[in-house]
2 protein chains.
Amino acid sequence: MDVVGIIAEYNPFHNGHLYQLNVVKKKFPKATIIVVMSGNFLERGEPAILDKWTRAREAILNGVNLVIELPVGFCVQPADRFALGAMRILRDLGVTKLVFGAEHASYDFSRLADLTGTIHGDFSIYNESYAKAYQRIVTQETGLDISNPNDLLGLSYAKANLLLGNFLNLYPIQRQAAAYHDQNLPKDSTIASASAIRSGIFTKKADISKYVPKETLEDIKNNLSLSWQDFWPMLRYRISTSSIEELAQIYAMNEGLEYRIKSKLERLGPKATFEEWISSVKSKRYTYTHLSRIAIMILLHVKNSDIEVIEQFPYIRVLGFDETGKAHLNNIKKAIEFPIIAKVSQKIVKNKLELDHQAGLVYEQFNGSRQEYGRIPFRR
Amino acid sequence: MDVVGIIAEYNPFHNGHLYQLNVVKKKFPKATIIVVMSGNFLERGEPAILDKWTRAREAILNGVNLVIELPVGFCVQPADRFALGAMRILRDLGVTKLVFGAEHASYDFSRLADLTGTIHGDFSIYNESYAKAYQRIVTQETGLDISNPNDLLGLSYAKANLLLGNFLNLYPIQRQAAAYHDQNLPKDSTIASASAIRSGIFTKKADISKYVPKETLEDIKNNLSLSWQDFWPMLRYRISTSSIEELAQIYAMNEGLEYRIKSKLERLGPKATFEEWISSVKSKRYTYTHLSRIAIMILLHVKNSDIEVIEQFPYIRVLGFDETGKAHLNNIKKAIEFPIIAKVSQKIVKNKLELDHQAGLVYEQFNGSRQEYGRIPFRR
């Protein structure tokens, strides 16, 4: 039987995601669909607009059979690490096919991975970001443009697949609707980018009901929509009360960035916004996204050792399932290597979930609803 | 010439403080009055309602000649350490008389200090706070009740004076009006406790104009009045994202209190208030005030080494002065041992003011007005 995997953020779950699920169901009518989803903090270094439980429920109610949380240590990472963290979980869960959206679905991502697997960005050119350097070299080697975010993620999935023994087949789907970053809500389509939808929600100027399923619409009505604006006071407080030495211990902090982060904040003064601060730290070397990820690492107080722990001791954290998802879990239970976590206890927090638990405590401070202790997966 | 010292918090400056100044002026008509004032965080473990610059200005405009900031590492401390920090500054500034309010102005505080100077609280009785144990023993030895907060502070001043070679004479003044903790605004008097005045400000139900000079009234109208309610989200965020080991490094954290502090918070969940949290941690051993001080230490990320630094390298931080205060500073300049800081530079922050600077950054995040860089003393 087909087991299809999807790696997603669902921030929030919208009609584009639903479209993707329908394509999967048409192509593999009997498949079990498993989604590895980011938790409360996301790949591009930002808090999720709705918490992971809410977003997992939206996904299950719209046809996903099983939602697994990607541990926060893998979520807030560049594409390659993000992809590898998620792909390890998919392999352990017996997934045989990966479906993903791409700007160029026609690319042969597996072959691209073969060609580029050993390429690393030339980090010696100092006025270029790592991402830019990497893309430039890939294009030199292959002649293909991989600068679009979903193409780049696709390549990362393919490289992770290669590393993990090519355990699944890749099925890129041509991205519908606007580009990832398009801030406009299109008039002639029911599909918009997540980013345009979020922007509509935050400015409260746009009617987004056309672009999301009813479950998402209700969730947006019934919950606070969170963004960096909410978490920024905590971040600036943390930077203000951390010494240079303490900041230097934060994961991915290097090249003396800690000085720049602290001094720019002090110069801006007490009324600066998150965007003003990050723009003042930004350079050709440090992109907005790179700095946003570091900002999350500071906010959640993530150190190198925390990331090492989750890399060495992966686990499967279940956020939601339906009957099909449950049956699949039961079927493969014996074959699974990673421990399955359905309910959080103090013992589990201490041994495995320390970082996710901490991230949950920070998120729930704004969201008001407990993220870890006592929460059980959504069941359809 | 007489140089009279006062140790105060002015939280905020009210008619009781003005009364005290007038008593001093009547008693010592030609005296220069120097106040050592707590900065933005106070003795009982709470943020100041108005920032230190605002409060210093109120004091100068009401007749104080020179206001010096007590470094934050001495402010948020039990009476003995608070007193010693302030008295060292007064000695360096050539102060010859200390005036202070007391519930029992008739006590001979110098003699009391002689009798009790070597007494320390018996900390081995586990269901008694340090303060309670200390007061019990003093009463056993002297037959006098020193459980009232201003009597206790007076005794601490006297003990510090003894330690510092009896450099000044003590002038206790009988406290007017209600007791320190009285929450009522009296109808038949223009003097109320600072605590009653703050309570009136926060509940916005009471007219406090009768109890404060016009400068204070204007300051309250023109500034946000801050309390733990403002800083609590930061504190809870800090506790949530600190490991047990990190919390254990905070100044005055001992006997495993870090476990209790963290676990009680997690049990209470995301909607708990500061009062709910502290009440849940409180015990006979750990009083509300003791825990409030530790809360400030966590908030400001103060470690043992930070307190050692300020004890070893004291300084005189000028917040405000008039012509008389300025003349006094000029007169004694050469005799002063401690460095005088009038304007904060990066170099000064790095060498001396690190902790105060950090406290300023935390305070200004709520208050909106810069506390350190670029600020100069108020000049009348």
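In case you wondered, yes, glycine gets a Cβ from its N, Cα and C as well.
The feature ATP binding site is assigned by TrEMBL to A:7-20, A:G101, A:N150, A:R175.
Annotated features, which come from TrEMBL, shown on the structure.
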residue : record           : DSSP (3 states)
A:I7    : ATP binding site : strand
A:F13   : ATP binding site : coil
A:Y19   : ATP binding site : helix
A:N150  : ATP binding site : helix
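Counting other Cβ atoms within 10 Å of each Cβ, the lowest count among the binding-site residues A:Y10, A:F13, A:Y19 belongs to A:Y19. Counting every protein chain shown, the Cβ of A:I7 (ATP binding site) has 25 other Cβ atoms within 10 Å.
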